[in-house]
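As given in Swiss-Prot:
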- 5-163: domain 'Obg' (DOMAIN)
- 26-45: region 'Disordered' (REGION)
- 164-330: domain 'OBG-type G' (DOMAIN)
- 170-177, 195-199, 217-220, 284-287, 311-313: GTP binding site (BINDING)
- Ser177, Thr197: Mg(2+) binding site (BINDING)
Amino acid sequence: MAAESNFVDYVKIYCRSGKGGRGSTHFRREKYIPKGGPDGGDGGRGGHVFLRGNRNYWTLLHLRYDRHIMATNGQSGGAKRSTGANGEDRIIEVPCGTAVYDADTGEFITDITEHGQQVMLLQGGRGGHGNTFFKTATNQAPRYAQPGEPAQERMVIMQLKMLADVGLVGFPNAGKSTLLSVLTAAKPKIANYPFTTLEPNLGIVAYRDKRSFVMADIPGIIEGASSGKGLGLRFLRHIERNALLLFMIPADTDNIAKEYEILSRELVAYNEELAQKRKVLAITKCDLIDEELCEMLREELPTGLPVVFISAVAQQGLEELKDTLWKELSKETLHEPDSIVRQALDLTSLTWDEEDDLFPASIEDDEDEEGLDDIDFDLEIEYDNEGDDAPDQL
């Protein structure tokens with residue numbers, strides 16, 4: 001049995017904020033003042049659920065084993081107008097490049113792209129008012145208090161779309177992993193058979209004057225990948241966040257122009273807005289052909305596209321390639337349209353593992369509060385049925 005990969009780029013989790021604490025119906029009790037006025041405090045706020053970007057995470061693996069995220073409830077109000085303690089917030093640490101969607105509708109919720117960026121996913125319920133709040137000139141001994149707001153809950157899908165400056169695009173065995181290993185310190189698996197790369201790999205390319213950029217090796221694309229063939233849709237989404245696409249086609253390919261057309265068509269079929277991204281074409285394995293043949297090939301290539309002839313094994317053309325990539329990355333118009341990532345998620349295209357069929361966690365409350373699911377926070381109150389706690393007359 002193959003070992004389970006540590007690269008997890010999607011996960012489905014259940015999240016719930018804390019509900020607000022109920023207000024207190026307490027009445028003042030002091031020596032020589034057996035029947036004082038109301039002094040019940042407000043309930044505490046329920047805990048919020050936040051998302052926070054963390055550059056120390058590279059995958060969503062840590063969430064695969066912690067998929068019920070629940071903040072704690074606010075505490076009830078107390079005597080002497082004391083407010084109940086707020087519920088403890090839950091912060092979900094995610095890698096930069098994580099997009100979050102509603103698991104039921106596919107609606108885009110938010111996008112975490114920077115280290116330290118924090119977004120509230122679910123808001124905790126407000127605490128209910130104690131009976132002190134309801135005291136008026138005509139009602140000086142209210143025997144009721146307000147319950148807290150109910151918790152919010154949501155099933156969400158998190159997808160990691162790797163943040164990289166340059167994404168390597170090509171058919172299996174195009175030499176993408178070899179190029180990444182030569183230009184960076186990354187050590188991807190390299191072998192002479194298709195689909196050697198089964199998960200994305202990142203590496204940092206050192207450039208002149210201590211400058212650098214991030215390169216991502218995406219698993220090979222085949223014709224029909226946009227329909228789920230090969231490794232299909234799972235890894236095409238990582239291309240969405242690459243600022244520049246480097247198409248890699250071997251020099252011994254029968255028809256380079258046709259292969260480039262197929263690759264471009266698959267990307268556009270997956271997401272039409274990928275056509276807006278800047279592209280560079282690298283003809284790989286050029287150590288297998290002579291310069292005269294290279295010039296003949298150049299005449300057959302698509303026009304209006306930067307083309308570089310390279311050989312990662314023989315380290316030919318690599319400096320020219322880095323110059324070309326940096327030049328394209330430096331252009332002011334190189335920006336990713338927000339709509340590429342922020343469009344709704346097509347839930348029908350997802351194939352979840354059996355373990356991803358989550359059910360909401362059972363809710364165990366510390367206190368018995370009925371009817372909280374249907375309350376109108378602004379109107380509903382709870383009466384104190386214990387008449388002994390209230391004064392007969394003030």
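Including glycine, each Cβ sits where the backbone N, Cα and C put it.
Known features from Swiss-Prot, placed on the structure.
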residue	record	DSSP class
Gly170	GTP binding site	coil
Lys176	GTP binding site	helix
Pro219	GTP binding site	coil
Lys285	GTP binding site	coil
Ser311	GTP binding site	strand
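Outside the region 'Disordered' (26-45) by six or more residues, the chain places 18, 20, 74-87, 124-135, 140-142, 145-148, 389-394 with a CB less than 8 A from a CB of the stretch. Here the Cα atom of Ser311 (GTP binding site) is found 12 Å from that of Ser177 (Mg(2+) binding site).
Cα to Cα, Ser177 (Mg(2+) binding site) and Gly170 (GTP binding site) are separated by 11 Å. Its Cβ placed at the centre, Lys176 (GTP binding site) has 30 other Cβ atoms within 10 Å.
Restricting the average to the domain 'Obg' (5-163) gives a pLDDT of 89. For the region 'Disordered' (26-45), the DSSP-based tally of helix, strand and coil residues reads 0 helix, 4 strand, 16 coil. Counting every protein chain shown, the number of other Cβ atoms lying within 10 Å of the Cβ of Gly170 (GTP binding site) is 23.
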